[in-house]
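Accompanying notes for the structure given below.
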Amino acid sequence: MEANQQPPPDTTNATPGLVGVSFMFAMALIAYGFRMRTRISPLFKLTATDHLISSALLCEVFVLVCLLTAIGYGLGRYDYYISATTLIKINKCLFLLGLFGFWASSLARVSIGYMLLRFEISKTWRMVLWILIFTQFAMAIGSDVFQLLQCRPIRAMWETVPDAVCWTAQISRSYGNGHSKRSSIRYYPISVLMGFGTVAAVAGAMKVYHIDAYDPRKDVLRDWMPLLWWYRVEEIGLIIAACTPFLKPSIERLLARLGALPFRFVTIGLNLFALITEIKQ
């Protein structure tokens, strides 16, 4: 830095995202708690979809711990105020975050897919759901393999290593853009059924917008924060979406205590002959 150039202000851009993601995560915990209550009481009826969403939530907790630890070390501040030793600690946290973050969203999507398979649907839609489920597992594994192969030796991901060989930033961004665009396609059948799937879809679109700022070997860590927060919004939104349908019994009981009428399916008869006669007249 030149002698006459003033250092940047010692501020962080992590706070706005921290507030929003904390609120969403609290909603996810509440929705998950209600879901588990309906699945355990009065009868214990946990299935594969419940275990999948529990695994997704555990991955998300680990991811948030890694992210908050990195923020505690200084992620979100200008690199001018971060020492080389602290920078290595931040990069290690982000490396672990990347390994588990994709599994949080993938397991949530797979949980939704398994839930939809319980409905009476056509063989074509059932086949489509199975393809999407297997695609989720394949992409989660591929994401981890991609991250583990980015640099040789692998510790070059979080510290400077002489003669290290890493993939170019263009390859990393191309993979990120391709993944984000493929992810948005998978939201369409889910978003129709679940409102929070739309939140995840919006987060996916914002990831595409911010993906150019992501470079594992770029000096400005502060620029990564919007992308990191939008990943968390996507993951938590999918977890809430997977739990939302199970809130119906609790909402019905609450409304019944308040004196509201319970939800009922109403069948409306249609007299086609009378309708045609009325139209002719």
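Heads up, the Cβ atoms here are built off N, Cα and C, so glycines get one too.
Within the set 12-32, 159-179, the record from TrEMBL flags 12-32 under the feature transmembrane segment. Counting residues 6+ beyond its ends, the transmembrane segment (12-32) has Cβ neighbours under 8 Å at 53-54, 57, 60, 64, 71, 74-77, 222, 225-226, 228-229, 232-233, 236-237, 239-240, 243-244, 246-247 in the same chain. Looking only at the domain 'Rhodopsin' (35-169), the predicted model's pLDDT averages out at 88. The residues of the domain 'Rhodopsin' (35-169), classed with DSSP into helix (H, G, I), strand (E, B) and coil, number 100 helix, 6 strand, 29 coil.
Below 8 angstroms of C-beta separation, residues 47-50, 52-53, 55-57, 59-60, 62-63, 66-67, 70, 75, 129-130, 132-133, 136-137, 139-140, 143-144, 147, 157-158, 183, 186, 190, 193-194, 197, 200, 224, 228, 231-232, 234-235, 238-239, 241-242, 245 of the same chain, each at least six residues beyond the ends of the transmembrane segment (94-116), sit close to that stretch.
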